[in-house]
Structure formats: C-alpha cells, structure tokens
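> What follows is a structure written as structure tokens; I'll ask about it next.
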C-alpha cells in the first residue's frame with residue numbers, strides 16, 4: 001500500500017509502524033515516530049496499524065539552536 | 001541551578017549552521033559549554049553522524065521545539081524529543097510570526113502548562129514581559145529564557161532596561177538570555193547584569209573562525225559571571241580622580 005513517509009510517498013508491505021521502521025532500516029532506538037501528526041511511543045509501534053494514505057514521521061536529533 | 005542541575009559552564013550553545021561537522025565538534029569543545037541545543041527533524045543520511053557528535057561532546061542535551069507555531073505541535077515535538085533523547089529538558093519555542101520569530105505568549109503559556117504537568121523541565125523562550133514571565137512560573141516553569149533580541153539578529157540586549165527589570169522581578173528564577181546575542185561583549189554584559197546563563201548559536205556558527213569565536217564566548221561568559229559576583233562599581237555622572245592628591249609636590253604650573 002501507499003503511505004507518506006517523512007513527506008515522501010512510498011510503497012510499503014508493512015502492516016504496523018514497527019514493521020515499517022524495520023523495513024526502512026531506521027535505527028529504532030534513535031528515532032521518534034508520529035502517525036498522522038500524533039506521537040506514537042516506541043512501545044506502541046508494534047500495536048499501531050498502518051492504513052493506505054497514512055502519514056508517518058520518523059524524527060531524530062538534528063542541528064538546532 | 002537549572003532544575004536541580006548545577007552546570008560547570010553558563011554558556012549554552014546551539015548546534016546549527018556550522019560549516020562542517022568537525023568545526024561543530026571543535027566549537028563545542030572550545031566553548032566549554034555544558035549544554036547544547038538540538039532540534040528534532042526527519043531522519044536522513046546524516047542522522048547517525050550527528051548523533052555521534054552529540055554523544056562524544058559529553059554535553060547535556062536541550063532539545064528545542066523550533067519551528068512550532070501552535071501549543072499542540074510543540075507538545076507533540078516535546079513528547080517525541082523526550083523519548084528519543086532521554087531527557088525531560090525542553091527548550092519550548094512557540095513562534096508567533098514566521099518573520100519576527102517572536103514567541104506567541106498565549107500558546108507558550110498553554111504549552112508550558114501541559115508540559116509541566118507531564119513532568120517536563122521547561123525552558124521557555126519568552127520575551128522580557130513580566131506578566132508573561134509570571135504566567136510561565138505559575139504554569140510550573142522554573143527557568144525563563146528571555147530573548148536579548150530577535151533570533152539570529154546579533155543585536156545584543158536590545159531592551160536592556162526591560163531585561164534589568166525582569167532580573168529584579170524574578171530574583172529566584174534562573175534566567176537565561178536566549179537569542180539575539182552577536183558578540184562576546186554582549187554575552188559578558190548579560191552575565192554582568194546577573195543573568196544565569198546565555199544561549200546562542202549564530203554568532204559562533206557564522207563567525208569566520210567558529211572555533212575561536214566559541215572560545216571567546218566561553219571566556220566572555222566566564223568573565224561576566226566572575227565580574228557580577230565580584231561586585232561592579234556604581235556608575236557616576238562626573239569624574240572622580242583615582243590617584244590621591246595627598247603628597248603631591250608643589251611645582252611650577
């Protein structure tokens with residue numbers, strides 16, 4: 001199915017947020033996730049289902065002032 | 001003390017806009033800063049290398065909510081930052097206008113109230129407005145971060161009198177001058193006025209030699225703090241000779 005990952009459309013076979021993190025090779029402990037603009041804690045990722053059109057954000061510490 | 005933490009340096013340094021990762025590393029070290037600020041952004045190719053710099057720096061992280069324009073967005077960002085960075089410290093920015101980057105005081109208080117209730121240690125980026133400061137303290141903030149001047153402007157303490165009133169009004173709340181500092185002399189001035197720390201980024205990152213500038217800011221903050229503790233002389237309108245007249249010879253004028 002087609003979802004939006006960090007602002008870009010991607011095709012994924014993952015049915016949960018946790019699977020998507022693994023599928024895309026993200027370092028799971030070094031990223032924070034949100035689904036449709038709402039924070040999903042790390043321990044809730046495997047219980048969070050993805051549906052077509054889902055907007056997923058995978059964030060990490062970056063440069064900031 | 002910042003939420004119970006005693007910091008060895010009163011300089012807090014931003015990590016953005018440096019010409020290279022190595023310059024960032026060296027600038028952090030040269031500044032002597034104990035706290036560095038970071039943002040939360042989409043994970044990309046450079047994420048791993050940047051995280052390594054953070055770990056190697058040995059500094060305490062102060063994640064920000066830069067770019068957020070609503071309380072809800074800022075709270076979500078703070079929740080995500082806390083999980084991924086393992087700290088309850090959050091530099092709360094809720095921007096009211098994209099051009100001025102002035103804080104939205106109403107959304108700021110709203111977000112601060114939510115985050116303090118969630119157990120965050122909130123460092124709100126605010127103005128020198130005393131009532132806003134009181135509302136933030138009522139919300140649970142135990143540090144306030146008034147701006148010196150607009151973010152990235154390098155103007156220094158543009159409302160010095162207002163900031164002095166703020167210092168006097170909140171004698172027991174740690175106050176950090178955040179934003180607008182362009183030169184080490186301005187950082188020293190803030191410390192001489194009794195502010196507890198200075199947070200800056202652009203002045204170091206955009207210097208021709210960021211590492212040397214980072215060192216200069218570290219020295220200025222240290223000098224200003226030492227001077228404040230030593231007790232500055234009062235200003236006078238008129239001159240007063242420092243050399244005694246007693247014992248002066250009678251010579252032809």
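Glycine is treated like the rest: Cβ placed from N, Cα and C.
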> Name the one residue among B:152, B:162, B:224, B:231 that TrEMBL lists for the same 1-deoxy-D-xylulose 5-phosphate site as B:179, B:180, B:201, B:202.
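1-deoxy-D-xylulose 5-phosphate site check in TrEMBL: besides B:179, B:180, B:201, B:202, the record includes B:152 out of B:152, B:162, B:224, B:231.
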> How many neighbouring Cβ atoms, not counting its own, are there within 10 Å of the Cβ of residue B:180 (1-deoxy-D-xylulose 5-phosphate binding site)?
22
> Among the binding-site residues B:201, B:202, point out the residue whose Cβ has the most other Cβ atoms within 10 Å, with all shown protein chains included in the count.
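That would be B:201, with the most Cβ atoms nearby.
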> Is it possible to get the count of other C-beta atoms within 10 angstroms of the C-beta of residue B:179 (1-deoxy-D-xylulose 5-phosphate binding site)?
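Other Cβ atoms found within 10 Å: 25.
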> What does the structure give for the C-alpha distance between residue B:202 (1-deoxy-D-xylulose 5-phosphate binding site) and residue B:91 (active site, schiff-base intermediate with DXP)? Integer Å is fine.
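If we compare the Cα positions of residue B:202 (1-deoxy-D-xylulose 5-phosphate binding site) and residue B:91 (active site, schiff-base intermediate with DXP), the gap is 17 Å.
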> For residue B:91 (active site, schiff-base intermediate with DXP), just count the other CB atoms lying within 10 A of its CB, please.
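28, counting other Cβ atoms within 10 Å of residue B:91 (active site, schiff-base intermediate with DXP).
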> May I ask which residues of the same chain, at least 6 positions away in sequence, place their Cβ under 8 angstroms from the Cβ of residue B:152 (1-deoxy-D-xylulose 5-phosphate binding site)?
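Expected: B:101, B:179, B:180, B:202.
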> Roughly how many Å lie between the Cα atoms of residue B:201 (1-deoxy-D-xylulose 5-phosphate binding site) and residue B:91 (active site, schiff-base intermediate with DXP), rounded to a whole value?
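Cα to Cα, residue B:201 (1-deoxy-D-xylulose 5-phosphate binding site) and residue B:91 (active site, schiff-base intermediate with DXP) are separated by 14 Å.
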